[in-house]
Amino acid sequence: MTNIRKTHPLLKIINSSFVDLPAPSSLSSWWNFGSLLGVCLAVQILTGLFLAMHYTSDTATAFNSVTHICRDVNYGWLLRYLHANGASMFFICLYLHVGRGLYYGSYTYSETWNVGILLLFAVMATAFMGYVLPWGQMSFWGATVITNLLSAIPYIGTDLVQWIWGGFSVDKATLTRFFAFHFLLPFIVAALVMVHLLFLHETGSNNPTGIPSDPDMIPFHPYYTIKDILGFLIMLTALSALVLFSPDLLGDPDNYIPANPLNTPPHIKPEWYFLFAYAILRSIPNKLGGVLALVMSILILALAPILHMSKQRSMMFRPLSQCLFWLLVAVLFTLTWIGGQPVEHPYIIIGQTASVLYFLIILVLMPATSIMENYLLKW
């Protein structure tokens, strides 16, 4: 008798995706982050759903409703901090997942890669709108500053900003619509994840060597299921430690002050996971130029398949490209640090140097190094 998991219309889809899926035998721990992102999304949707049961999206009561969740709802504090720090874990896994894709040349699966970029934008939009909901000082001013960037778009900019605000400033209408979109977007993200996996399973996974692994495949279950479960345990332990020992470590103390349109915080800055892009935005004195650089700092990932000049797919056997890759990582850490600093000397010039280096490495140095490595292969 044939196993039901191979014949049932629904179970056979799950079976071909998670059980009998042929996978390369050499996948390292860098391939764990896809499944970790799935767990992060599940945690965020579940905690978010329970938070939404107690939250009110009204300027008069939003801040107090979050306080009520933390003080009066059973384990409300746990839900709130799991959700807030879960977002940080989500972005840590996201950036590591993207970094893995860049290092091992996974971007050559262009459909999977492009859906991944769409996912990154969708998650960033979701996180930004979620940050506005507690209606603290940094929520309000962050929303004001970031939405105001759209006014740099020629001709339609001002109208567009007022249309998004639902008025002439960030107010009740803005908060209500941000809550609506923040609730909706994770489900769109979940749908995009399905498309991402669909495209991935069309080609099969890449592997650390970048060499086709068709002759040497193993079933996903039990080898990679047990490996993924170990990853889940490590990540959930880290998240639990963060939530239970220092839940406010990654947050901004200004967000414990209720939003006040008449009082601007001394340093307006987004959550830590947007600081690198914020630093690139601030490094350009022109408003429109800054906005374009901000968008391009993420959209540049879409150029990765075009900029790939090497005859080898992975960086595993390309030491010069490896050096550049880790220099890029160092530049990103520098940008993240600068994004959290005030706009004054020497931070301005450091930020501008790091921003130039960021684009220079990706657009010029990496392709040039790849071409040079191709010549070295002939020797």
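Residue positions begin at 1 at the first shown residue.
Here the Cβ of each residue, glycine as well, is placed from N, Cα and C on the backbone.
Computed from a predicted structure; not experimentally measured.
Long-range contacts of the transmembrane segment (33-53) within the same chain: residues 69, 79-80, 82-83, 86-87, 89-90, 93-94, 96-97, 100, 130, 182-183, 186-187, 189-190, 193, 228, 231-232, 235-236, 239, each at least 6 residues beyond the stretch ends and with a Cβ under 8 Å from a Cβ of the stretch. Among the features that Swiss-Prot reports, transmembrane segment is placed at 33-53 (among others).
Residues 30, 33-34, 36-37, 40-41, 43-44, 47-48, 50-51, 66, 69-71, 116, 120, 123, 127, 130, 235, 238-239, 242-243, 247, 250-251, 271-273, 301 of the same chain lie 6+ residues outside the transmembrane segment (77-98) yet bring a C-beta within less than 8 angstroms of a C-beta in it. Residues annotated as transmembrane segment in Swiss-Prot: 77-98 (among others).
Proximity of H83 (heme b b562 binding site) to non-local residues of its own chain (separation of 6 or more, Cβ distance below 8 Å) is seen for Q44, T47, G48, L51, given in sequence order. Under the heading heme b b562 binding site, Swiss-Prot lists H83, H182, citing similarity to another entry as support.
Marked as heme b b566 binding site by Swiss-Prot on the basis of similarity to another entry: H97, H196. A simple way to gauge crowding: the CB of H97 (heme b b566 binding site) has 20 other CB atoms within 10 angstroms, across all the protein chains here.
Positions annotated as transmembrane segment by Swiss-Prot: 113-133 (among others). Long-range contacts of the transmembrane segment (113-133) within its own chain (CB-CB distance under 8 A, at least 6 residues past either end) are made by residues 48, 55, 57, 62, 66, 87, 90-91, 94, 98, 101, 106-107, 139-140, 142-143, 146, 174-175, 178-179, 181-182, 185-186, 188-189, 192-193, 195-196, 199, 270-271, 273-274, 298-299, 301-302, 304-305.
Look at Swiss-Prot and you will find 178-198 (among others) tagged as transmembrane segment.
If you draw a 10 Å sphere around the CB of H201 (ubiquinone binding site), it holds 14 other CB atoms from the protein chains shown. The ubiquinone binding site annotation in Swiss-Prot covers H201, and the record cites similarity to another entry as its basis.
Sequence annotations record features per position, and here Swiss-Prot assigns transmembrane segment to 226-246 (among others).
For 288-308 (among others), the entry in Swiss-Prot reads transmembrane segment.
The transmembrane segment annotation in Swiss-Prot covers 320-340 (among others). Non-local neighbours of the transmembrane segment (320-340) in the same chain are 99, 102-103, 267, 269-270, 272, 274-280, 282, 310, 347, 350-351, 354-355, 357-358, 361-362, 365-366, 369-370, 372-373; each lies 6+ residues outside the stretch with a CB under 8 Å from one of its CB atoms.
As annotated by Swiss-Prot, transmembrane segment applies to 347-367 (among others), with the evidence given as similarity to another entry.
Put simply, H201 (ubiquinone binding site) is 29 Å from H182 (heme b b562 binding site) when counted between their Cα atoms. Here the CA atom of H201 (ubiquinone binding site) lies 17 Å from the CA atom of H97 (heme b b566 binding site).
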